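Here the structure comes first, spelled out in structure tokens, and everything after it is commentary.
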Amino acid sequence: MNTRKLSSFDLKSRDFIYTSLSNTLSSATNPRDLHKIHSLIITLGLYKYVLFSGKLISKYSQFKNPLASLSIFGQSSHKNNVYMWNTIIRAMTHNGLFSKALDIYTQMRGLKIKPDNYTFPAVINSCANLLDFETAKLVQEHVLDVGFGSDLYVCNALIDMYSRLNDFGRARNVFDKMPKRDLVTWNSLISGYSSNGYWEEALEIFFKLRMAGLIPDCFTVSGVLCACSGLMEVDEGRVVHGLVEKIGVKKDVTVSNGLLSMYFKFDRLMDSRNFFDNMDVRDAVTWNTMICGYFQFGLYEESIKLFLQMVQYFKPDSLTVASVLQACGHVRDLKSGRSIHEYLVKNGYKDDITANNVIINMYVKCGELLAARKVFDSMKSRDLVSWNSIISGYVENKFYEEGINLFKLMKIELEPDSITYLILLSLCIHCVDTYYAMQLHCNIIKSFGSTITLGNALVDVYAKIGKMEDSKKQFENMETRDIVTWNTIIAACNHCEDCSFGLRIISRMRNEGITFEVATLLSTLPLCSFLGAKRQAKELHGCIFRLGFESNVSIGNAVIEMYSKSGMLGYSIRVFKLMKTKDVISWTALISAYGMYGEGKKALRAFEGMRKVGVVPDHIFFVAILFACSHSGLVREGRACFDQMKKDYSIEPRKEHYACMVDLLSRSGMLAEAEEFILSMPLKPDASIWGALLSACRAGGDIKIAERVSEHLLELNSDDPGYHILASNAFAALGKWDQVKMIRKSLRTRGLKKQPGFSWLEIQNRVYIFGTGERFFEQHQEVSDLLDILSDLMAKEGYVADLRYVLHDVEEDEKFDLLCGHSERLAIAFGLLNTEPGSPLQIMKNLRVCGDCHTATKYISKIVQREILVRDANRFHLFKDGTCSCGDKW
DNA sequence: CTAGGGTTAG
């Protein structure tokens, strides 16, 4: 009886230990407890129970110790038990060891252990994570073989897998054949669609789900939010937000994060902020979304501040750090950048490739190339982004050779991508290296064929290195073009001053029905400014209204410039007045406009107005105001502006400001003072400064100073042929033909060509262009005859040709012919012949108007009684009844 | 078995 009692007690206590230990094991919350329980199980010999081995495996996996799980499984004697296999496979997938999971599954099949419906979901999940389509199909066959083709869990896993693999045909096939579906089934399909960018489809499934009478949960809402954000469907988004409130999933932090991120995607900064402030639960992702969202709004300091707040509550992960490091780079906050770098190293992100890439980028942006390189060199493995980042770092910091060398090294390790080539193409622009650009072009064709982005970059590069023909060829050869292609070619036309081609491009765009973007207009408007094409200008202005861009500040600024350069100062002023927001550039545009028309007083008054509204001038603004003063002979006022710039705005004068001052003094005939000013400058005077003085000397006829200044100018040996021509002209005026010949020879040997002069005018929507000395145009004979008649009439009025403006050493009467061949005269004569008597004429010239032509035009305006508006490279001259608006201070 | 946040160029 005693024995029986005892053994009954024994059994009971055994039973008790078994159950309580099993419970303790399940509820263990830390690895230390787990170890203790594990030892106890070994001591008590409970290993022989399948239950304990299995629970230990999953518990270790829960604490991220898959190696312990594997070791227990290896030592286990229950290899014929499917529960053990299921457990170890799940342990592996739980720890992200998907190929190990598949290995074990293969072993299991080899041992002919029959899987059950708990086996497959984890196996299928592994295939999905590995994007292993082939194994996936084999597993599905296996599923059908062993008869789990209709199992809810297995089918859900299959749908998830196929939709993640972007094979919605198979996913839908499984979905359609299921005898019974649950919410997870629908959710899997929705998130599959939305994470692959099939947003409409995701919403469609969502509506079907609702029609089927199911109540959405957090998973559903997350997927739908992602789709709404992608579609930028504000209305849908609102509906979902309402739904979130209604079904009460708002306390789910993932759903809230989804909403937060949606508001950012809709550019609703304040809504995002309010939502964030009212969130009950926040996690690291919440903070990341905020930091990243603020970054995308350009609120860099704010996003760094958010980061500093976040670290009080959460340990930032590599994703957080990636966002905030970008912000540091943007504002060149090296101090924060460095400390975050240290944080990453200390917290075990040393080998996170993305984190390192972002650090490299941050250092590059802060100009710390050596620090960037040190990180790059210390990386265990590098990806494309790492290489591209460091190469672009070298290019950005102007170490071009090192950039190319790194590119060579890169090619040994991996295949460069299109971004690598974009970086190298930008290098070509900086170095003006046509040969290397062509070499890259060949490589690009070999490795990528033709892609739009690279094609666009090539159009851009060829134009910027001055190969406009190659740029056009590249543009024409492109099979497909996007709006950027068009914007780029127009910008290219601008850069190379190939305006007529630019206008043709614009009409091609119209014919092809391509909608203009702000960027398109920002390249097109300067094209019209350059051409001074009135009709095109008005048409474009209309187009701006139709597209609703009239309140865009940059557009407004460009329109002011366009009208002023097209001879329509009134329109320019009106546009300025109507602009709701004006920045310093708008004011600069207005003041330059006044300056070009010699309205210096009005320019100064506008400056007063600008000061009153509190807009702060910058250094470019001062160029404009000094220009305006100098073109109106306002010496005292100009000097005052120059002094103010330094005193009131602490802007250190640059070369261009000194050049304006020299221009101001010398234009008003104060040549000696101008020379003195140059010699007392704190900067070394360059060609533009001496050039300003020299061109005034010539107009003022001071030969002595002209000769001295010419010597200075030639010493500097500028790359701009204009200054050599200027000096050569000065010597020609002095009759020093030997010097002239020498300059011409040196220009020839250096390959510098004088920019050919041409003039153009618009008559009835057509632009007519005339080159100097050109004889092949419509009505050449008539034009020539008219010029002959005009010169007779001019002579009677007292005109004497100023032969100093002829550069060639030829006979006097031939010189006279050469003057008459100047492009502006041809254009004026052509204009007189083809427009109504008494109507005003408007002529554009690419260079500065010649002094003799200036005089001649004054006479012509009186003889024919016409207003002649001439825009040269600098400004407008309005000729009227024998005088010019520039007051001869051209 | 199902959900959210990150890197290079333009």
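Just so it is clear, glycine is given a Cβ too, placed from its N, Cα and C backbone atoms.
Under the heading repeat 'PPR', TrEMBL lists A:81-115 (among others). Taken as a whole, the repeat 'PPR' (A:81-115) shows an average pLDDT of 94 in this prediction.
Tertiary neighbourhood of the repeat 'PPR' (A:151-181): same-chain residues 117-118, 120-121, 124-125, 127-128, 131, 133, 136, 140, 143, 188-189, 191-193, 195-196, 198, 201, selected by CB-CB distance under 8 Å and a gap of 6+ residues from either end. According to TrEMBL, the repeat 'PPR' annotation covers A:151-181 (among others).
Away from its own ends, the repeat 'PPR' (A:182-216) comes close to residues 152, 155-156, 159-160, 162-164, 166, 168, 171-172, 175, 222-224, 226-228, 230-231, 236, 243, 247, 249 of its chain (Cβ-Cβ under 8 Å, at least six residues beyond either end). According to TrEMBL, the feature repeat 'PPR' maps to A:182-216 (among others).
Taken from TrEMBL, the feature repeat 'PPR' covers A:283-313 (among others). Sequence-remote contacts of a segment are chain residues at least 6 beyond its ends whose Cβ falls under 8 Å from one of its Cβ atoms, and for the repeat 'PPR' (A:283-313) they are 253-254, 256-257, 260-261, 264, 269, 272, 276, 319-320, 323-324, 326-328, 330-331, 333, 336.
Marked as repeat 'PPR' by TrEMBL: A:352-386 (among others). Counting only same-chain residues 6+ beyond the ends of the repeat 'PPR' (A:352-386), those with a CB under 8 A from a CB of the stretch are 318, 321-322, 325-326, 328-330, 332-334, 337, 341, 344, 392-394, 396-397, 399, 413-414, 416-417, 419-420.
Below 8 angstroms of C-beta separation, residues 452-453, 455-456, 459-460, 462-464, 466, 468, 471-472, 475, 523-524, 526-527, 530-531, 533, 536, 543, 547, 767, 769, 846 of the same chain, each at least six residues beyond the ends of the repeat 'PPR' (A:482-516), sit close to that stretch. Feature annotation from TrEMBL assigns repeat 'PPR' to A:482-516 (among others).
Annotated repeat 'PPR' per TrEMBL: A:583-617 (among others), in sequence order. Under 8 Å from some Cβ of the repeat 'PPR' (A:583-617) lie the Cβ atoms of residues 553-554, 556-557, 560-561, 563-565, 569, 572-573, 576, 624-625, 627-629, 631-634, 637, 641, 645, 649, 651, 871, 874-876, 878, 885-887, 889, all in the same chain and six or more residues away from its ends.
For A:798-890, the entry in TrEMBL reads domain 'DYW'.
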**OP:** Provide the three-state DSSP residue tally for the repeat 'PPR' (A:182-216): helix first, then strand, then coil.
**Re:** 26 helix, 0 strand, 9 coil
